[in-house]
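These notes concern the structure reproduced below.
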Amino acid sequence: MSTSTLSDGSLDEGTFAAEDVSGVIEDYFFEGAEKLLEIWFDKNQNGATSLRNIPYSELVSMLDIAQCRILHSKSNECMDSYVLSESSMFISDFRIILKTCGTTRLLHAIERILHIAKIYCNMDNVVSVFYSRKNFMHPEKQPYPHSSFETEVDYLEEHFAGGSAYCIGPQRQDRWFLYTMVTPQAVFPFPEHTLEILMNGLPEDVLSTFSPNVSKDGKDCRMKSAINTILPPDIVVHEELFSPCGYSLNGLIPHSDHYITIHVTPEPDFSYVSFETNQHTLNLCEQMLKVLEIFKPSKFLLTIFTNELSNEGKKMQKNLWDLKICGCRRTNLQFLELPTETLIYVQFERIKSAEQVTCKEVFDR
C-alpha cells in the first residue's frame, strides 16, 4: 500500500485511463463519472427569499445550457428533487446541487444559475462553492472547459474569486479533483456531512439488472438489485430505468433537506456507479458497506465531508481512516482541512486473486 500526497500541482489528467477500456467499441462510449457542483447562497442577505421560487421554465432553460433535461421531480417541505436525463439536481432554500454525467456542459450553466437566483430570489451573494469529479476515462471527448481540470478551474475562477483547487490521487491512476470557494460569511450552524462512493469495474451479473431486458421498471430494478436495502424506510424515491440500459434514483428524507442519489452506467467495458448522501437517518458505516456489497466494484473511492457539528460525519471519517476491507487493498488515503469542513478521501482496489469484494468492517460502528 502506498499513500500519495495531496497535491495542487499539475491538474492535467491526460488520457491514461483509456488503457483500462481497450475493449470499448470506438463508436460507442458513455462517460459515467459525474461533474458535481454545489452552490450555497447567503441566507442573511437582505430581501433573500428561496431558490425554490425559481420558475420551472427557468430551470428548464438553465439545464438546456448544461445539455440535460428534467425527467421528473419530487418535493418535500425543505427540498425539490429532479431526476435528469443525465443524473440529478436538488434545490433547497439556499443551496443548489447539480450533478451531470456524459458530455454535459455543467459549468456553462453557472452564469444562468447566478442570474436567476438574483432575479427571482434576490440572492447574489455566493458564500460557498464546491465542484468535484473523478478523472474521466476519455477527457478528450469532453466539451470545453471539461476536457481538463485546469481549464475547469480557470472557468470557475471567472465567476468565483478566491477559490482553491486540489488533485487527489496518483498521477497515473484514478484521481479525484476538487475546487472549493468559501467566504467569511459562510456559516453553517447545523450538523452537515456528505458521503460519496464512486465505483468502477462491476461484475456483469450485477450490471445486467439495470436493463429493461431484466427489470420492467425503476422500482423492479431497485428491488432486484437490493438497492431498497440501503434506503431509509420512510424515504420518498423517484427513479428511472433507461433504455437500452442505465438507472438513476433520487430519494428525499421526509421533513429535511437530506437526500440519497444513485446513478448506474452498466455497460461492462466502462461500468460506473455513484452513490451520494447527506442523510442522518441510517448508520453511515453500515450503509457504505451495504452499497459495496450490492455493487461489488473492483475499484472504488470514498469521500466524506463533515463539519465540526456532525458527530456522525466525524465518526465516519475516523472509520474510513482505519478501514480495511477483506479482498481489497487500500491504494490511497488523504486528509484535507477546509475552512468550514474536513475531508477524508480513500481509494481501494480489488485484489486480483480474490473471487469477489467481500466487505467486512473492522471498526466499531
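Count begins at 1; order follows the chain as displayed.
Keep in mind that glycine also has a Cβ here, set from the backbone N, Cα and C atoms.
These come from Swiss-Prot:
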type	residues	note
ACT_SITE	Glu31	active site
ACT_SITE	Glu34	active site
ACT_SITE	Ser87	active site, schiff-base intermediate with substrate
MOD_RES	Ser87	pyruvic acid (Ser)
ACT_SITE	Cys101	active site, proton donor
ACT_SITE	Ser248	active site, proton acceptor
ACT_SITE	His263	active site, proton acceptor
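Taking the features listed in Swiss-Prot, we show where each one sits on the structure.
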| residue | record | DSSP (3 states) |
| --- | --- | --- |
| Glu31 | active site | coil |
| Ser87 | active site, schiff-base intermediate with substrate | strand |
| Cys101 | active site, proton donor | coil |
| Ser248 | active site, proton acceptor | strand |
| His263 | active site, proton acceptor | strand |
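Within the set of active-site residues (Glu31, Glu34), the lowest number of other Cβ atoms found within 10 Å of a Cβ is recorded at Glu31. Each residue contributes its Cα atom, and for Glu31 (active site) and Cys101 (active site, proton donor) these two points are 6 Å apart. Recorded residues Glu34 (active site) and Ser248 (active site, proton acceptor) have their alpha carbons 12 Å apart, per Cα-Cα distance. Using a 10 Å Cβ-Cβ cutoff, the residue listed as 'active site, proton donor' registers 26 neighbours. Across the structure, the residue listed as 'active site, schiff-base intermediate with substrate' and His263 (active site, proton acceptor) place their CA atoms 7 angstrom apart. The number of other CB atoms found within 10 A of the CB of Ser248 (active site, proton acceptor), across every protein chain shown, is 25. Cβ-based neighbour count (10 Å, all protein chains) for His263 (active site, proton acceptor) stands at 25.
The residue listed as 'active site, proton donor' sits 9 Å from His263 (active site, proton acceptor), taking the Cα positions as reference. On a Cα basis, Ser248 (active site, proton acceptor) lies 4 Å away from His263 (active site, proton acceptor).
Over all protein chains present, the Cβ of Ser87 (active site, schiff-base intermediate with substrate) has 24 other Cβ atoms lying within 10 Å.
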